[in-house]
Amino acid sequence: MGIREFPNGSARGKAATLGMRRSPDVSPRRLSDISPQLRQLKYLVVDEAIKEDLKWSRSVEDLTSASVGLTSIEERILRITGYYGYQPWAASYKRDERSRESPAPAEAQMQAGAEGAGRVSRCCWKCSVTQLKKIFWGVAVVLGVCSSWSGSTQLAKLTFKKFDAPFTLTWFATNWNFLFFPLYYLGHVFKSAEKQSPKQRYRECCRFFGDNGLTLKVFFTKAAPFGVLWTLTNYLYLHAIKKINTTDVSVLFCCNKAFVFLLSWIVLRDRFMGVRIVAAIFAIAGIVMMTYADGFHSHSVIGIALVVGSASMSALYKVLFKLLLGSAKFGEAALFLSVLAVFNVLFVTCIPVILYFTKVEYWSSFDIIPWGNLCGFSILLLTFNILLNFGIAITYPTLISLGIVLSVPVNAVVDHYTSEIVFNSVRVIAIIIIGLGFLLLLLPEEWDVWVIKLLTRLKVRKKEEIPEGNGDIASGLPNKSRRTRPSMSSFAH
């Protein structure tokens, strides 16, 4: 941008204006003398190169500083146009000096990209390590659930050969639930940073039952019904073991997940899913085929009915718990299970006594009771319930459910060597159908959306790979010729 010649100025004025750009010592003139020209300067278009010079100039730095305190557009334009000693030849030097101090934009972008990539890789590494830990613990929990569930089933079968009292065994094993809350409190003491006394922790967990805590009314309305369902579930399961083999019992009990879905759909108004309806149909078909596998004998029909009743009680327990109490934290669940043991001691103890004196479940002396089997069964059942209720703290719930399915082949192998079970085609198909229905019920609610996204990505990748392959074939010969041509710069040195 050149210097305009003012109409009222003389030759001396011209020389002064030309000297303004070089000499910072020129005395200032009045703004009123050049106000028309300043109004015209507002509409001038400044070149980009001059903008860059102005950007790094000292005058602009002074403008941006807080101590300048400019108040008008005229004063700013006078400073930019050189009235206060703007030196354009010093701008390039400052720009070079500034470029030496700060890295190039490309280098800065590369550094920022490298730092960002490093942060992303560290986050991915942390996520992968966390997922690997969860999967590792999941495998351990699956093995624990499978071994404890199949072990308790097989040990109950052995116990009934010496001690034919399924209800007494149910009562004895349920009393061990009292250990849930003490075991949880020990874990709280070792893991939590804020230690609480047992009384404080108990009062905090009692809020799960309501604002008033665990009152007598709450005990009979919210705890007692679940105590009855718990006892019926275990008693029917153990009584079925007396009638049929453990393989059939374990596979038929897997139908409880289908019953949970049906009850949740009816009572809780859960989301309807076609794949879960198919799984429920598989479960019912497997029950019918399992009944047909033994030829509709009285013992097999009664045993299958007992297992189906046990699975139904288990499903009703879960659905009512969600309906009446909702979801519970670990401490609240531990307290609830311990309360069930208290209910068992107070109100169910009389039933084994009645069965003993009526000789329905009778034993001649207490010396013949296999206390080792009873305690072993109770410990295995307690371990199974602990892993089932608290395993979600360290792994995925789906992996925990897989442990129940894996107990079926374990029981089948044990039955093959210890009993006279016949694995005919109908029984094998029934086991496969029920197991497949159980696995279908483990699918998440949005599994169909995930499948559609996966198929869409695969189609997009196939479409991208085809043009890339054609481009590589077309550019193969020119690339080869460029590689074989010697570079003149290689002979320069």
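For all residues, glycine too, the Cβ spot is worked out from N, Cα and C.
Note that TrEMBL annotation is computational and uncurated.
Quick look at what TrEMBL annotates:
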- 1-31: region 'Disordered' (REGION)
- 22-31: compositional bias 'Basic and acidic residues' (COMPBIAS)
- 135-156: transmembrane segment (TRANSMEM)
- 176-193: transmembrane segment (TRANSMEM)
- 214-237: transmembrane segment (TRANSMEM)
- 249-268: transmembrane segment (TRANSMEM)
- 275-293: transmembrane segment (TRANSMEM)
- 299-321: transmembrane segment (TRANSMEM)
- 333-356: transmembrane segment (TRANSMEM)
- 394-414: transmembrane segment (TRANSMEM)
- 426-443: transmembrane segment (TRANSMEM)
- 471-493: region 'Disordered' (REGION)
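The recorded stretches the transmembrane segment (299-321) and the transmembrane segment (214-237) share 3+ CB pairs below 8 A when only pairs 6 or more apart in sequence are counted, and are therefore in contact. Between the transmembrane segment (249-268) and the transmembrane segment (176-193) there are fewer than 3 Cβ pairs closer than 8 Å, counting only pairs 6 or more residues apart in sequence, which means the two stretches are not in contact. Same-chain residues lying 6 or more positions outside the transmembrane segment (275-293) and placing a CB less than 8 Å from one of its CB atoms are 248, 251-252, 254-255, 257-259, 261-262, 300-301, 304, 308, 424, 426-427, 429-431, 433-434, 436-438, 440-441, 443, 447. Residues 247-248, 251-252, 254-255, 257-258, 261, 275-276, 278-283, 285-287, 289-290, 292-293, 398, 401-402, 404-405, 408, 412 of the same chain, all 6+ positions outside the transmembrane segment (426-443), place their C-beta atoms under 8 angstroms from a C-beta of that stretch. It is 394-414 that, among the stretches 176-193, 214-237, 394-414, forms the most Cβ pairs under 8 Å with the transmembrane segment (135-156).
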